[in-house]
């Protein structure tokens, strides 16, 4: 069973790596190498080579996303969400910035009829069609 | 700062799409006016408006990405898709002209003398200036790759040097090609040979000029510290475009200059 608010993602790996590798892998026409993974490559900054690094110069939302990925969080849901069993013990965790959020449940794979319902804060609710458990969890946006 | 719960960029309202559309209208209708009524004013106005639109629109994109940080990884991915799709469309554009060339040259009509090059056409020697041009563009492909690696390794001086060298090689190609055009023993009016030759190589030359301009903008941005060692998509897009221009030349050289001679 899948939920429609989930995104698709590429390969596994560290979060920062996935963020940059996915975008870097688009360089189909380019013969040469990809951008280095910030967590691993020893990138010299403004002081030595003369070209700033993202750590030094990123600003705005890009900086917020970068800082969060270094901490291992994904506040803007860039990556594919975690898979849950959907049982009472392991409900689907639905982050929300308010106290309710719409959920679309694709009860079985390839179902074309999506079951939509409001999920409210508090106890876990069940999908009216397949009975999977969903729980709303408050989600803070870095501002 | 951001009250959105996603990492995408909802762009602020902008006048440049409208000015761009108006400029395109003025350029095209101005072209028709020039053809029929010998006045270039409307077309010139359209051209000026187009250049102003391009300058301001792309300046705004640089502001949004580099100075305001709106180009998060998903946004950058979209820009990559966009550039790839654009280059793909340009590939199809050139494919049309290659189709025209091969249509006429594979089965030359009796009016041409049943041969290719047609009777009376003295083609350019592919092993003289055209071969030099090939070497120049291939070398520029190497220098632009050198520039990319320099950026990724944080080497400012080398980036500026290799990028400047790439642009110089582009100018050298353009100058050589301009001289070839001037000295050529045939013109665009010389039958289908002239048409296919000058339209295909002419559009290619225009793309070399566009690519050189794009790289020059990247050089200015690099000097002003816009690029970081991880995030420099403007440069990557320019480099992709430059490689595309190089590849088109290789096909032109092999098909029109060499096989077609």
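Even glycines carry a Cβ here, placed using N, Cα and C.
Automated prediction, rather than curation, is the source of TrEMBL annotations.
Annotated domain 'Heme-copper oxidase subunit III family profile' per TrEMBL: B:4-261, in sequence order.
The transmembrane segment annotation in TrEMBL covers B:16-35 (among others).
Residues 14, 16-17, 19-20, 22-31, 33-34, 217 of the same chain lie 6+ residues outside the transmembrane segment (B:41-58) yet bring a C-beta within less than 8 angstroms of a C-beta in it. For B:41-58 (among others), the entry in TrEMBL reads transmembrane segment.
The transmembrane segment annotation in TrEMBL covers B:79-102 (among others).
The transmembrane segment annotation in TrEMBL covers B:129-147 (among others). Same-chain residues lying 6 or more positions outside the transmembrane segment (B:129-147) and placing a CB less than 8 Å from one of its CB atoms are 158-159, 162-163, 165-166, 169-170, 172-173, 176-177, 179-180, 215, 235, 239, 242-243, 245-246, 249-250, 253, 257.
Feature annotation from TrEMBL assigns transmembrane segment to B:159-177 (among others).
Through the fold, the transmembrane segment (B:197-220) approaches residues 58, 90, 93-94, 97-98, 100-101, 144, 160, 163-164, 166-167, 170-171, 173-174, 177-178, 181, 186-188, 227, 234-235, 237-239, 241-242, 245, 248-249, 252, 256 of its own chain, all at least 6 residues removed from its boundaries and within a Cβ separation under 8 Å. The transmembrane segment annotation in TrEMBL covers B:197-220 (among others).
Annotated transmembrane segment per TrEMBL: B:240-260 (among others), in sequence order.
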Rounded mean pLDDT for the residues that make up the domain 'Heme-copper oxidase subunit III family profile' (B:4-261): 97
Positions on the same chain near the transmembrane segment (B:79-102), where near means CB under 8 A and six or more residues out: 71, 195-196, 199-200, 203-204, 207, 233, 236-237, 240-241, 244, 248, 251, 255-256, 260
